[in-house]
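Only one structure is covered here, and it is reproduced in the block below.
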Amino acid sequence: MLHNIQSILQFLLFVSSVQALETGGLKSKPPNLKLLECFEFKKNYWIVGHAFHTSSVQFKDECLRMCLTSSIRKAKCLSAMHVPNDDECVISDQNQVTKPDLFIENDTPGTFTVNFFRNICVDPPDAEGVDRFEARLQGYKGGEGIIEFAQAVGKNTQVMVVISGLKENSLYEINFLPDTKEKGGQCHRKSRVNGEGKTLMIVETDHTGMAVEPWKVIDFDGFEENVISKTIVVVEKSTQTIVDCGSIRLATASSNSSTTRTSSSTGLKFTTGLLIILVVFLFL
């Protein structure tokens, strides 16, 4: 009888140990290194007065994901601030470059900590003289995202990818279909690539189903390919099934960060100055 009780207790101990190991494995997810590459970290600094979204998240990676995916909704995030004491995430359309006077140090680090992350994927590393294009993925099979292109004359194309809602820990091909011009968002009618098109890159999703590829130069000439209105498809590598797609368009003003805003502001000031000069001249 005693032997049977000991056997049962040993079995229960074994089961609880296995459950503890499984639970521990679930909690310790590997970091998405590509996600982290898109951010420049500075401890105990923040941007004052320019939050456009605040939410409750436990881990900093969740906050960084929110920042990157905001571009899918055409709300450009230039920085993210995570307050671990309060499980709070604040994303902003400004950073220490666009608003240096509002970038201040937390003067009460003993009370709470602020982790500041500048989004360095908002613009390509080589942004001088580039034209910007984008393909907004429609998410008709669950995934949604944006693929951004930047190219200057005589140089290869730079590409950046953010896609969420895909199958976790899986490989996907980003394919360019040169012979298709989709109208009215009908690219979802294709189900397989059947060997057509060109694979621009392969991306890997993390445990949340998110794929990130920071800006990288690829062997592709967008000008030569005349990419406007051509189709980009996201293909699950193992099955060669198309899971997402979008047509390439000129990037919207909100897709370009401080460069667009600065040039627009300069143009507005110049136009205003001309109007003032003209009015003064008329009244002389």
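Placed from the backbone N, Cα and C atoms, the Cβ positions cover glycine too.
Feature annotation from Swiss-Prot assigns signal peptide to 1-20.
Residues annotated as disulfide bond in Swiss-Prot, with sequence analysis given as evidence: Cys38-Cys121 (among others). Around Cys121 (disulfide bond), the same-chain residues at least 6 positions away in sequence with a Cβ under 8 Å from its Cβ are Glu37, Cys38, Phe39, Leu68, Met160, Pro214, Trp215.
According to Swiss-Prot, the feature domain 'Apple' maps to 38-121. Residues belonging to the domain 'Apple' (38-121) score a mean pLDDT of 92 in the model.
According to Swiss-Prot, the disulfide bond annotation covers Cys63-Cys89 (among others). Mapped onto three states, the DSSP output places Cys63 (disulfide bond) in helix.
Positions annotated as disulfide bond by Swiss-Prot, on the basis of sequence analysis: Cys67-Cys77 (among others). Taking a C-beta cut-off of under 8 angstroms and a sequence separation of 6 or more, Cys67 (disulfide bond) has the following same-chain neighbours: Phe39, Cys77, Ser79, Ala80, Ile91, Phe117, Asn119.
If you look up Swiss-Prot, you'll see Asn256 marked as N-linked glycosylation site, on the strength of sequence analysis.
The annotation transmembrane segment is assigned in Swiss-Prot to 264-284 on the grounds of sequence analysis.
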Take the domain 'Apple' (38-121) and count its residues per DSSP category (helix H/G/I, strand E/B, coil), listing them in that order.
17 helix, 32 strand, 35 coil
